[in-house]
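Everything on this sheet refers to the single structure shown next.
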(Lines of atoms letter the chains of each structure in order from A and count residues from 1; the text may use other names and numbers.)
(Lines give C-alpha, C1' and ligand atoms only; values in the text may rest on other atoms or scores of the structure.)
Protein backbone atom coordinates (compact mmCIF):
# COMPACT_ATOMS: atom_id res chain seq x y z
CA UNK A 1 0.00 0.00 0.00
CA UNK A 2 2.85 2.36 0.89
CA UNK A 3 4.57 1.52 -2.41
CA UNK A 4 1.44 2.34 -4.38
CA UNK A 5 0.99 5.67 -2.56
CA UNK A 6 4.63 6.60 -3.22
CA UNK A 7 4.20 5.83 -6.97
CA UNK A 8 1.12 8.06 -7.18
CA UNK A 9 2.92 10.96 -5.45
CA UNK A 10 5.91 10.66 -7.82
CA UNK A 11 3.60 10.68 -10.86
CA UNK A 12 1.76 13.81 -9.65
CA UNK A 13 5.03 15.62 -8.97
CA UNK A 14 6.40 14.70 -12.43
CA UNK A 15 3.21 15.97 -14.08
CA UNK A 16 3.47 19.29 -12.19
CA UNK A 17 7.10 19.58 -13.26
CA UNK A 18 6.13 19.10 -16.94
CA UNK A 19 3.27 21.60 -16.72
CA UNK A 20 5.60 24.28 -15.35
CA UNK A 21 8.16 23.81 -18.14
CA UNK A 22 6.03 22.98 -21.21
CA UNK A 23 2.89 24.94 -22.04
CA UNK A 24 0.66 24.17 -25.05
CA UNK A 25 0.46 27.38 -27.06
CA UNK A 26 -2.06 27.86 -29.89
CA UNK A 27 0.66 27.33 -32.52
CA UNK A 28 1.97 24.14 -30.96
CA UNK A 29 0.36 20.84 -32.02
CA UNK A 30 1.28 17.37 -30.85
CA UNK A 31 0.75 14.65 -33.51
CA UNK A 32 0.35 11.09 -32.35
CA UNK A 33 1.22 8.68 -35.20
CA UNK A 34 -0.52 5.33 -35.02
CA UNK A 35 2.12 2.63 -35.07
CA UNK A 36 0.36 0.65 -37.80
CA UNK A 37 -0.77 3.61 -39.89
CA UNK A 38 0.64 3.91 -43.44
CA UNK A 39 3.18 6.72 -43.64
CA UNK A 40 4.06 5.95 -47.26
CA UNK A 41 1.59 4.61 -49.80
CA UNK A 42 2.44 3.40 -53.32
CA UNK A 43 -0.30 2.90 -55.91
CA UNK A 44 -0.58 1.91 -59.57
CA UNK A 45 -3.46 3.61 -61.38
CA UNK A 46 -3.73 0.62 -63.72
CA UNK A 47 -3.04 -2.99 -62.83
CA UNK A 48 -2.26 -3.82 -66.49
CA UNK A 49 -1.03 -1.84 -69.49
CA UNK A 50 -0.94 -2.91 -73.14
CA UNK A 51 1.51 -2.29 -75.97
CA UNK A 52 3.36 -4.16 -78.71
CA UNK A 53 6.90 -5.03 -79.73
CA UNK A 54 8.78 -1.94 -80.85
CA UNK A 55 6.38 0.41 -79.07
CA UNK A 56 6.74 2.54 -75.94
CA UNK A 57 4.80 2.17 -72.70
CA UNK A 58 4.45 3.85 -69.32
CA UNK A 59 4.13 1.67 -66.22
CA UNK A 60 2.08 3.83 -63.81
CA UNK A 61 3.20 4.30 -60.21
CA UNK A 62 2.65 7.12 -57.71
CA UNK A 63 3.53 7.48 -54.05
CA UNK A 64 1.89 9.46 -51.27
CA UNK A 65 3.59 10.51 -48.02
CA UNK A 66 2.04 11.54 -44.72
CA UNK A 67 3.54 15.02 -44.22
CA UNK A 68 2.69 14.90 -40.51
CA UNK A 69 4.63 11.68 -39.90
CA UNK A 70 7.81 11.98 -37.85
CA UNK A 71 10.84 12.30 -40.13
CA UNK A 72 8.78 12.78 -43.31
CA UNK A 73 10.71 14.71 -45.94
CA UNK A 74 14.08 14.36 -44.22
CA UNK A 75 15.20 11.36 -46.28
CA UNK A 76 15.86 11.06 -49.99
CA UNK A 77 13.27 9.11 -51.94
CA UNK A 78 14.59 5.89 -53.48
CA UNK A 79 12.60 4.43 -56.40
CA UNK A 80 13.34 0.91 -57.55
CA UNK A 81 11.75 -1.03 -60.41
CA UNK A 82 12.19 -4.79 -60.74
CA UNK A 83 10.67 -7.45 -62.97
CA UNK A 84 9.13 -10.52 -61.36
CA UNK A 85 9.98 -13.89 -62.88
CA UNK A 86 7.08 -16.04 -64.06
CA UNK A 87 7.36 -18.25 -60.97
CA UNK A 88 7.64 -15.19 -58.64
CA UNK A 89 10.74 -16.71 -57.05
CA UNK A 90 13.18 -14.02 -58.22
CA UNK A 91 13.27 -10.35 -59.12
CA UNK A 92 15.33 -8.91 -61.97
CA UNK A 93 16.65 -5.37 -61.46
CA UNK A 94 15.41 -2.87 -64.04
CA UNK A 95 15.95 0.68 -62.78
CA UNK A 96 16.95 2.50 -59.57
CA UNK A 97 16.75 6.22 -58.84
CA UNK A 98 17.71 8.26 -55.77
CA UNK A 99 18.04 11.99 -56.21
CA UNK A 100 20.34 12.69 -59.13
CA UNK A 101 21.70 9.13 -59.12
CA UNK A 102 20.09 6.77 -61.62
CA UNK A 103 21.03 3.30 -62.84
CA UNK A 104 19.59 0.91 -65.41
CA UNK A 105 20.31 -2.81 -65.68
CA UNK A 106 20.86 -5.41 -68.38
CA UNK A 107 18.84 -5.20 -71.56
CA UNK A 108 16.93 -2.18 -70.21
CA UNK A 109 20.01 0.05 -70.50
CA UNK A 110 19.17 3.13 -72.55
CA UNK A 111 15.49 2.17 -72.83
CA UNK A 112 14.00 3.12 -69.45
CA UNK A 113 13.55 6.36 -67.50
CA UNK A 114 11.19 7.90 -64.96
CA UNK A 115 8.27 9.83 -66.40
CA UNK A 116 8.63 12.53 -63.75
CA UNK A 117 5.21 14.08 -64.30
CA UNK A 118 5.09 15.33 -60.71
CA UNK A 119 7.04 15.17 -57.45
CA UNK A 120 5.23 11.99 -56.43
CA UNK A 121 5.35 10.30 -59.85
CA UNK A 122 7.44 7.10 -59.95
CA UNK A 123 6.06 5.89 -63.30
CA UNK A 124 8.56 4.10 -65.55
CA UNK A 125 8.76 4.61 -69.31
CA UNK A 126 10.07 1.68 -71.38
CA UNK A 127 10.92 2.36 -75.03
CA UNK A 128 11.49 0.04 -78.00
CA UNK A 129 9.69 -2.86 -76.31
CA UNK A 130 10.95 -6.40 -76.86
CA UNK A 131 9.17 -9.72 -76.48
CA UNK A 132 11.14 -10.33 -73.29
CA UNK A 133 9.71 -7.17 -71.69
CA UNK A 134 6.34 -8.88 -71.24
CA UNK A 135 5.53 -9.66 -67.60
CA UNK A 136 4.91 -8.17 -64.16
CA UNK A 137 6.91 -5.28 -62.75
CA UNK A 138 7.22 -4.10 -59.15
CA UNK A 139 7.49 -0.43 -58.23
CA UNK A 140 9.09 0.07 -54.81
CA UNK A 141 9.42 3.46 -53.10
CA UNK A 142 11.63 3.81 -50.02
CA UNK A 143 11.94 6.79 -47.65
CA UNK A 144 14.10 6.12 -44.63
CA UNK A 145 12.63 3.10 -42.85
CA UNK A 146 9.33 3.36 -44.71
CA UNK A 147 8.62 1.56 -47.97
CA UNK A 148 5.69 0.32 -50.04
CA UNK A 149 5.22 -1.44 -53.38
CA UNK A 150 2.80 -1.81 -56.28
CA UNK A 151 2.76 -4.31 -59.16
CA UNK A 152 1.94 -3.55 -62.80
CA UNK A 153 1.51 -6.13 -65.57
CA UNK A 154 2.79 -5.34 -69.07
CA UNK A 155 0.87 -7.20 -71.77
CA UNK A 156 1.86 -7.28 -75.44
CA UNK A 157 -0.37 -7.59 -78.46
CA UNK A 158 0.60 -10.76 -80.27
CA UNK A 159 -0.12 -14.36 -81.13
CA UNK A 160 0.55 -17.73 -79.48
CA UNK A 161 1.41 -20.67 -81.72
CA UNK A 162 2.32 -24.31 -81.05
CA UNK A 163 5.68 -25.46 -82.33
CA UNK A 164 7.65 -28.67 -82.79
CA UNK A 165 10.84 -29.21 -84.84
CA UNK A 166 11.64 -31.41 -87.82
CA UNK A 167 12.36 -34.32 -85.45
CA UNK A 168 8.65 -34.51 -84.68
CA UNK A 169 6.37 -34.05 -81.72
CA UNK A 170 7.50 -34.35 -78.09
CA UNK A 171 11.19 -33.87 -78.82
CA UNK A 172 12.09 -30.74 -76.83
CA UNK A 173 13.24 -30.41 -73.26
CA UNK A 174 12.52 -27.05 -71.61
CA UNK A 175 15.81 -25.41 -72.60
CA UNK A 176 15.55 -26.61 -76.19
CA UNK A 177 11.97 -25.33 -76.25
CA UNK A 178 13.13 -21.87 -75.21
CA UNK A 179 15.74 -21.84 -77.98
CA UNK A 180 13.29 -23.17 -80.56
CA UNK A 181 10.99 -20.20 -79.94
CA UNK A 182 13.90 -17.73 -80.12
CA UNK A 183 14.99 -19.26 -83.43
CA UNK A 184 11.51 -18.53 -84.83
CA UNK A 185 11.44 -14.84 -83.78
CA UNK A 186 9.40 -15.60 -80.66
CA UNK A 187 9.68 -16.38 -76.95
CA UNK A 188 8.21 -19.22 -74.94
CA UNK A 189 4.64 -18.27 -73.99
CA UNK A 190 3.35 -17.67 -70.47
CA UNK A 191 0.27 -19.34 -69.03
CA UNK A 192 -1.65 -16.06 -69.24
CA UNK A 193 -0.81 -15.76 -72.94
CA UNK A 194 -1.89 -19.34 -73.62
CA UNK A 195 -5.08 -18.80 -71.63
CA UNK A 196 -5.92 -15.66 -73.63
CA UNK A 197 -5.23 -17.58 -76.86
CA UNK A 198 -7.56 -20.37 -75.70
CA UNK A 199 -10.28 -17.82 -75.00
CA UNK A 200 -9.66 -16.55 -78.52
CA UNK A 201 -10.29 -20.03 -79.96
CA UNK A 202 -6.90 -21.79 -79.94
CA UNK A 203 -7.42 -25.57 -79.89
CA UNK A 204 -4.37 -27.85 -79.86
CA UNK A 205 -4.20 -31.45 -78.73
CA UNK A 206 -0.46 -31.69 -78.03
CA UNK A 207 1.06 -30.65 -74.72
CA UNK A 208 3.73 -27.98 -74.75
CA UNK A 209 6.13 -26.19 -72.42
CA UNK A 210 5.26 -22.78 -70.97
CA UNK A 211 7.61 -20.17 -69.51
CA UNK A 212 6.97 -21.20 -65.90
CA UNK A 213 8.13 -24.76 -66.62
CA UNK A 214 4.64 -26.25 -66.70
CA UNK A 215 3.28 -28.39 -69.55
CA UNK A 216 -0.24 -27.60 -70.79
CA UNK A 217 -2.48 -27.53 -73.86
CA UNK A 218 -5.68 -25.66 -74.86
CA UNK A 219 -8.90 -27.45 -75.84
CA UNK A 220 -11.97 -25.60 -77.12
CA UNK A 221 -13.62 -28.68 -78.70
CA UNK A 222 -13.39 -31.65 -76.28
CA UNK A 223 -12.94 -35.00 -78.05
CA UNK A 224 -11.72 -38.50 -77.23
CA UNK A 225 -8.02 -38.14 -78.15
CA UNK A 226 -7.84 -34.83 -76.25
CA UNK A 227 -8.85 -35.48 -72.67
CA UNK A 228 -12.20 -37.12 -73.43
CA UNK A 229 -15.35 -36.15 -75.29
CA UNK A 230 -17.37 -35.52 -72.13
CA UNK A 231 -14.89 -33.13 -70.53
CA UNK A 232 -15.31 -29.36 -70.44
CA UNK A 233 -13.25 -27.00 -72.63
CA UNK A 234 -10.22 -25.49 -70.96
CA UNK A 235 -6.45 -25.39 -70.69
CA UNK A 236 -5.33 -28.89 -69.67
CA UNK A 237 -2.46 -28.93 -67.19
CA UNK A 238 0.10 -31.76 -67.11
CA UNK A 239 1.91 -30.07 -64.21
CA UNK A 240 5.64 -29.40 -63.81
CA UNK A 241 8.19 -31.78 -65.30
CA UNK A 242 11.95 -32.24 -65.34
CA UNK A 243 13.30 -29.41 -67.51
CA UNK A 244 16.28 -31.47 -68.66
CA UNK A 245 14.80 -34.93 -69.24
CA UNK A 246 11.12 -34.46 -70.06
CA UNK A 247 10.24 -33.81 -73.70
CA UNK A 248 7.23 -32.06 -75.15
CA UNK A 249 6.31 -29.49 -77.79
CA UNK A 250 6.30 -25.78 -76.93
CA UNK A 251 3.92 -22.84 -77.14
CA UNK A 252 5.63 -19.72 -78.48
CA UNK A 253 4.57 -16.08 -78.44
CA UNK A 254 5.43 -13.34 -80.93
CA UNK A 255 4.28 -9.80 -81.63
CA UNK A 256 4.46 -7.07 -84.28
CA UNK A 257 7.58 -6.92 -86.41
CA UNK A 258 9.39 -4.00 -88.00
CA UNK A 259 9.61 -5.16 -91.58
CA UNK A 260 7.81 -6.65 -94.56
CA UNK A 261 6.60 -10.24 -94.76
CA UNK A 262 5.74 -11.45 -98.26
CA UNK A 263 5.44 -14.39 -100.63
CA UNK A 264 8.15 -14.14 -103.26
CA UNK A 265 6.89 -14.24 -106.81
CA UNK A 266 9.25 -16.59 -108.63
CA UNK A 267 8.99 -18.24 -112.06
CA UNK A 268 9.60 -21.76 -110.71
CA UNK A 269 9.12 -23.83 -107.59
CA UNK A 270 12.16 -24.07 -105.33
CA UNK A 271 14.17 -26.46 -103.22
CA UNK A 272 14.92 -25.28 -99.69
CA UNK A 273 18.42 -24.05 -100.58
CA UNK A 274 17.08 -22.27 -103.66
CA UNK A 275 14.39 -20.64 -101.51
CA UNK A 276 16.98 -19.28 -99.07
CA UNK A 277 19.03 -17.86 -101.93
CA UNK A 278 16.00 -16.40 -103.70
CA UNK A 279 15.12 -14.32 -100.63
CA UNK A 280 18.74 -13.16 -100.31
CA UNK A 281 18.74 -12.14 -103.97
CA UNK A 282 15.64 -10.06 -103.24
CA UNK A 283 17.36 -8.20 -100.39
CA UNK A 284 15.58 -10.20 -97.70
CA UNK A 285 15.85 -13.40 -95.67
CA UNK A 286 13.73 -16.51 -95.64
CA UNK A 287 10.92 -15.88 -93.13
CA UNK A 288 10.57 -17.55 -89.74
CA UNK A 289 7.56 -19.33 -88.29
CA UNK A 290 6.88 -16.52 -85.81
CA UNK A 291 6.78 -14.01 -88.66
CA UNK A 292 4.18 -15.92 -90.68
CA UNK A 293 1.97 -16.21 -87.57
CA UNK A 294 2.36 -12.50 -86.76
CA UNK A 295 1.56 -11.50 -90.36
CA UNK A 296 -1.50 -13.76 -90.37
CA UNK A 297 -2.89 -12.82 -86.95
CA UNK A 298 -1.95 -9.15 -86.65
CA UNK A 299 -1.96 -8.02 -90.30
CA UNK A 300 -4.57 -10.35 -91.77
CA UNK A 301 -2.08 -11.73 -94.31
CA UNK A 302 -3.72 -14.26 -96.63
CA UNK A 303 -2.04 -16.40 -99.27
CA UNK A 304 -3.08 -19.78 -100.63
CA UNK A 305 0.44 -20.77 -101.73
CA UNK A 306 2.55 -23.16 -99.68
CA UNK A 307 6.05 -21.82 -99.08
CA UNK A 308 9.30 -22.72 -97.39
CA UNK A 309 10.20 -21.17 -94.03
CA UNK A 310 13.55 -20.91 -92.25
CA UNK A 311 13.10 -24.03 -90.11
CA UNK A 312 12.53 -26.19 -93.19
CA UNK A 313 8.78 -26.40 -92.74
CA UNK A 314 6.23 -25.53 -95.41
CA UNK A 315 3.17 -23.49 -94.44
CA UNK A 316 0.70 -20.91 -95.74
CA UNK A 317 -1.53 -18.33 -93.98
CA UNK A 318 -5.29 -18.19 -94.56
CA UNK A 319 -7.24 -15.26 -93.11
CA UNK A 320 -10.25 -15.69 -95.42
CA UNK A 321 -11.26 -19.38 -95.46
CA UNK A 322 -12.46 -20.55 -98.87
CA UNK A 323 -12.62 -23.63 -101.03
CA UNK A 324 -9.21 -25.31 -101.41
CA UNK A 325 -7.74 -22.86 -98.89
CA UNK A 326 -8.59 -24.13 -95.41
CA UNK A 327 -12.36 -23.84 -95.94
CA UNK A 328 -13.33 -24.41 -92.29
CA UNK A 329 -11.30 -21.86 -90.35
CA UNK A 330 -8.70 -19.12 -90.56
CA UNK A 331 -5.29 -20.54 -89.67
CA UNK A 332 -1.67 -20.94 -90.67
CA UNK A 333 -1.82 -24.23 -92.49
CA UNK A 334 1.02 -26.66 -91.83
CA UNK A 335 2.05 -28.82 -94.79
CA UNK A 336 4.95 -30.53 -93.05
CA UNK A 337 8.74 -30.85 -93.11
CA UNK A 338 9.32 -32.19 -96.63
CA UNK A 339 12.63 -33.30 -98.10
CA UNK A 340 14.61 -30.09 -98.61
CA UNK A 341 15.57 -31.25 -102.10
CA UNK A 342 11.96 -31.35 -103.27
CA UNK A 343 11.32 -28.64 -105.83
CA UNK A 344 7.62 -28.30 -105.03
CA UNK A 345 7.09 -25.05 -103.13
CA UNK A 346 7.53 -21.30 -103.18
CA UNK A 347 9.05 -19.26 -100.35
CA UNK A 348 8.03 -16.65 -97.81
CA UNK A 349 10.57 -13.87 -97.24
CA UNK A 350 11.07 -11.17 -94.62
CA UNK A 351 12.79 -7.84 -95.18
CA UNK A 352 13.56 -5.90 -91.99
CA UNK A 353 13.24 -2.12 -91.96
CA UNK A 354 16.31 -0.21 -90.79
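Placement of Cβ uses the backbone N, Cα and C atoms for every residue, glycine included.
Here is what Swiss-Prot records for this protein:
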- 61-139: disulfide bond (DISULFID)
- 181-252: disulfide bond (DISULFID)
- 205-226: disulfide bond (DISULFID)
- 279-349: disulfide bond (DISULFID)
- 304-325: disulfide bond (DISULFID)
- 38-152: domain 'Ig-like V-type' (DOMAIN)
- 259-351: domain 'Link 2' (DOMAIN)
- 21: N-linked glycosylation site (CARBOHYD)
- 56: N-linked glycosylation site (CARBOHYD)
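Here the features listed in Swiss-Prot are placed on the structure.
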residue	record	Cβ neighbours (10 Å)
56	N-linked glycosylation site	11
139	disulfide bond	26
181	disulfide bond	26
205	disulfide bond	14
226	disulfide bond	18
252	disulfide bond	30
279	disulfide bond	23
304	disulfide bond	14
325	disulfide bond	16
349	disulfide bond	27
Between residue 349 (disulfide bond) and residue 181 (disulfide bond): CA-CA distance (Å):
18
Give me the count of other Cβ atoms within 10 A of the Cβ belonging to residue 61 (disulfide bond).
28
With DSSP as the reference, give the number of residues of the domain 'Link 2' (259-351) in helix, strand and coil.
21 helix, 30 strand, 42 coil
Rounded Cα separation (Å) that holds between residue 349 (disulfide bond) and residue 325 (disulfide bond):
20
Could you measure between residue 56 (N-linked glycosylation site) and residue 139 (disulfide bond) for me? Cα positions, answer in whole angstrom.
18
Under the DSSP assignment, what numbers of helix, strand and coil residues are found in the domain 'Ig-like V-type' (38-152)?
6 helix, 58 strand, 51 coil
Of the disulfide-bonded residues 205, 226, 252, 279, 304, which sits closest to residue 61 (disulfide bond) by Cα distance?
252
If you run the three-state DSSP split on residue 181 (disulfide bond), which class comes out?
helix
With H, G and I counted as helix, E and B as strand and the rest as coil, say where DSSP puts residue 252 (disulfide bond).
strand
Residue 139 (disulfide bond) versus disulfide-bonded residues 226, 252, 304, 325 - nearest by Cα:
252
Calculate the distance in Å between the alpha carbons (Cα) of residue 304 (disulfide bond) and residue 279 (disulfide bond), and round it to a whole number.
19
What is the nearest of the disulfide-bonded residues 205, 226, 252, 279 to residue 325 (disulfide bond), using the Cα of each?
205
Using residue 252 (disulfide bond) as the reference point, find which of the disulfide-bonded residues 205, 226, 279 has the shortest Cα-to-Cα distance to it.
205
